[in-house]
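> Here it is, the structure, as structure tokens.
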């Protein structure tokens, strides 16, 4: 009888393998999140790039520019960040996205500024100064501002001429939770800085 019960439990485990949520905990990051008009412009950029590169277009509602990736966080850490983020303010600015870029090894095409943007760099540095004070370790790699447009592209394709630049006016950033779902990331905005 005990053997039968154990076999039933084994069968149940096989019939219900661990879900993605059980395997990979939610991850947190801070990002600029575009308004609908800016997101639509970025979607046009993605469609234009796909004609040359192929690949998979990112969903319009997932387009963003990452400022700081934190990785896995406990519920207490997430709650602390939510409360602290909502109390912060940033200086409004406009970012011009004017060129395509390629991460060849990852086969990712992105949109980014033509040259270094002082306001965005200051925002990034200020954010990490604050995060380090809260105990989050700063990344070793440099900041490469970009919005991922396509994945699984032909990395050897010739880059097309970009459409007219996207003028992205921003006055806040968001704390976002990333959770695997059906093999892709699902994003949920947890908090925003005060506008």
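From the backbone N, Cα and C atoms, a Cβ is placed for every residue, glycine too.
Where the annotation comes from TrEMBL, it is an automatic prediction and has not been curated.
From TrEMBL, here are the annotated features:
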ACT_SITE  64  active site, proton donor
ACT_SITE  146  active site, proton acceptor
DOMAIN    33-110  domain 'Phosphoesterase HXTX'
MOTIF     64-67  motif 'HXTX 1'
MOTIF     146-149  motif 'HXTX 2'
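Situate these features within the shown structure.
For residue 64 (active site, proton donor), the Cβ neighbour count at a 10 Å cut-off comes to 22, with all displayed protein chains included.
Residue 146 (active site, proton acceptor): 19 other CB atoms within 10 A of its CB, across all protein chains.
Mean per-residue pLDDT, taken over the motif 'HXTX 1' (64-67), amounts to 98.
For the motif 'HXTX 2' (146-149), the number of residues in each DSSP class (helix H, G, I; strand E, B; coil) is 0 helix, 3 strand, 1 coil.
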> Give residue numbers and ranges for long-range contacts of the motif 'HXTX 1' (64-67): same chain, 6 or more residues beyond its ends, CB-CB under 8 A.
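Counting only partners 6 or more residues beyond its ends, the motif 'HXTX 1' (64-67) has Cβ contacts under 8 Å with 29-34, 95, 123-124, 127, 145-147, 173-174, 176, 187.
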> For the C-alpha pair, I'd like the distance in angstrom between residue 64 (active site, proton donor) and residue 146 (active site, proton acceptor), rounded off.
8
